[in-house]
Amino acid sequence: MSQIELVSEFKCFEGRQAHYKHQSKHLNCSMRFGIFLPPQAEVARVPVLYWLSGLTCTDENFVQKAGAQRMAAELGVAIVTPDTSPRGENVADDPNYDLGQGAGFYLNATQEPWKAHYRMYDYVVEELPELIEAEFKVNKKRSVCGHSMGGMGALVVALRNTHRYQAVSAFSPIVNPTQVPWGDKAFSHYLGDDKSLWRLQDPCELLSWADASQPLPMLIEQGSDDQFLKEQLKTDAIALAAQKKGYPITINYRSGYDHSYFFIASFIDSHLKFHAEHLY
Ligand SMILES: N[C@@H](CCC(=O)N[C@@H](CS)C(=O)NCC(=O)O)C(=O)O
């Protein structure tokens, strides 16, 4: 029996863009996700790119604003877009945009009142791929990409599970969350005082422990006029961590671009091509 329920569906570049809902066992609530299935999925199993969005986003922002479907249809890559946190009346929340619903930070919370539902790490790494691979005509080749908080999430899930992903990329990621206000606030609330748990959510820390002899293909895109670059994103920190470790990463600084989906839309095709190279 199917575990998912169709919410909406549109034909798009000869494929289809759909949204579904399902009951998540890890998050303990109903969740929505988007999936773009390219036309190739009619005849063969296709690989999947998971997209992790940033603060305040749902499963819709990327789908509506990034303009990724045209290239994904050409390359034969499915794109799955989960929501950014558990949701619902019974799920803990906070009035600020950077904590609670819409700000799950792709981690497993250990603290009250968050720990009953906030397990986005397990959801993204285990539950969602299992569901997608059971319900859709996809194969087990996966890669992951994200923006800002989701860029951090993509780097974290990939660096902690290199065997599960073929490649990782990120737009404007929070690369060193243990050292910046967004991460400090979220990790204090969700993870408490145990700094060893904080480090497991920090791409720079994870990179310092990574096996540089078997690097995961990694691409980062960063706008030079991003309003969050200096205080929250600190892209140079991951460049330094990678250099120290001898871990190959491509970081493209793009002059004049900001933090918005206009930046993502401008470079999404090159990220899709990067992923397709490693997924096929
Ligand atoms: N609301 C926050 C920023 C939130 C924000 O920029 N969110 C980014 C991700 S970090 C986003 O993608 N927003 C949704 C959108 O642009 O569609 C603020 O104004 O300071």
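Using N, Cα and C of the backbone, Cβ positions are placed for all residues, glycine too.
Taken straight from TrEMBL:
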- Ser148: active site, charge relay system (ACT_SITE)
- Asp226: active site, charge relay system (ACT_SITE)
- His259: active site, charge relay system (ACT_SITE)
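Counting in whole angstrom, Ser148 (active site, charge relay system) lies 11 from Asp226 (active site, charge relay system) by their C-alpha atoms.
In the three-state DSSP assignment, the secondary structure recorded for Asp226 (active site, charge relay system) is coil.
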